[in-house]
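Novice: If you scroll down you'll find the structure; I have some questions about it.
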Amino acid sequence: MAYTITMLSWSVVEFGRTPGPTRVIKCSMLSDGEPGYLIKAHREPDVLYGEVGDGVSDHACWQRPEDMTTPRTAYRIDAQHPGADLAGRNNRRFCRLHCFQELGPRYSFTLLNNAKMYGLDPIRFLKDLRVMRIKLGTLLFDFARNHPGVYQNSIPVAGQFYTSSGYEDELVWAAAWLERATNNKTYTQFITRAPNLWRTRKYFSWDAKFVGAQVLIAKGVLEGKFPTRGKLGQMKGNADQYICNLIQKEKQCAQDKWWTSLVSTRNNQVDYILGSNPNRLSYMVGFGPNYPKQVHHRGASIVSIKKDPRPVGCGQGYVEWFNKNAENPNVIIGAIVAGPDQGDKFNDSRQNPGQTEPSTYNNAPFVGVLARLAS
């Protein structure tokens, strides 16, 4: 969830500055999920809730959300049960600060309670939401830095499904965002002291954030904010090389002209996802005439409770809906499924989650790409 919100936020930061109602709508859509989870998950200093429910019991059932009766146990990290990776991920909520000039009154009550929780001045808070948001983000960063460790050691049930490979990348990326929001060189110093940052990475994902930090610092170098030499300049080189490895244009990379191929690669990848591929299939559900019809998604695969209010039992859903060789009764418009294998083979079956399961962390980065194309 934190990665998804951060990637959506990054899209708004880069491409959501259009004046007028459109900008407010973008910010409103982005912020709707935050008071519902991320803020409420952090209501005490040095405490952050990281999971609600249990993946094992949830996966044992195939039900609509309205029918679920599996345990909703809440799991948390704190000073005695650390999770610096989880705290670092949630720290980056502040990156959509520019939205809150419009949205402040709507959410000031919720945020005000957070300010009181930390003993912050509520009057100053109401006058300057941006300052207080940064303060809250800073405190969460300090919590992560002062209590190192991976979150699955404190929340083992989460680690069974989303195992973190480490926490240093989360802290470095959080520091890069905090530096960008505050211009405080303390965060730059934190980044330059990171021992494992100085090499080109293979990928960027919910569990691997070093590339994200390198790209943010690279942007600062291009803006003249950071020097072209030294460790920060090296980070730009790492980011450049990562992109060159993706587009596989060695000659252009050597001539520092990779950006022309990047635009072409971006366009081709978007076209491929949306249907220009050997299967002539859009991997975004609901887009175009041909798209996956048996998406691995409980709510999409079971008839709406509005059409049939009878409860669907835990195992009943597998018998009557999961194993049913038919199109889903509900189209989960806009969801991007996992996609084909390396040979472009795709088996459209909800029993094949490796290809037909959608995820928010797949959709979120794609929003920024489409926003750039639209601009």
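Just so it is clear, glycine is given a Cβ too, placed from its N, Cα and C backbone atoms.
Automatic prediction, not curation, is the source of TrEMBL annotations.
Sequence annotations record features per position, and here TrEMBL assigns active site to H296. Residues annotated as compositional bias 'Polar residues' in TrEMBL: 349-363. Per TrEMBL, domain 'Glycoside hydrolase family 9' is recorded for 1-116, 140-252, 264-370. Per TrEMBL, the feature region 'Disordered' maps to 342-363.
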Novice: Same-chain residues six or more away whose CB lies under 8 A from the CB of the residue listed as 'active site'?
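Specialist: Long-range Cβ contacts: V337, R350, Q351, N352, P353, T356, E357, P358.
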Novice: DSSP says what for the domain 'Glycoside hydrolase family 9' (140-252): how many helix, strand, coil residues?
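Specialist: Counts, helix then strand then coil: 71 helix, 2 strand, 40 coil.
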Novice: Just to be sure I understand, if DSSP states are collapsed into helix, strand and coil, how many residues of the compositional bias 'Polar residues' (349-363) fall in each?
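Specialist: DSSP composition of the compositional bias 'Polar residues' (349-363): 8 helix, 1 strand, 6 coil.
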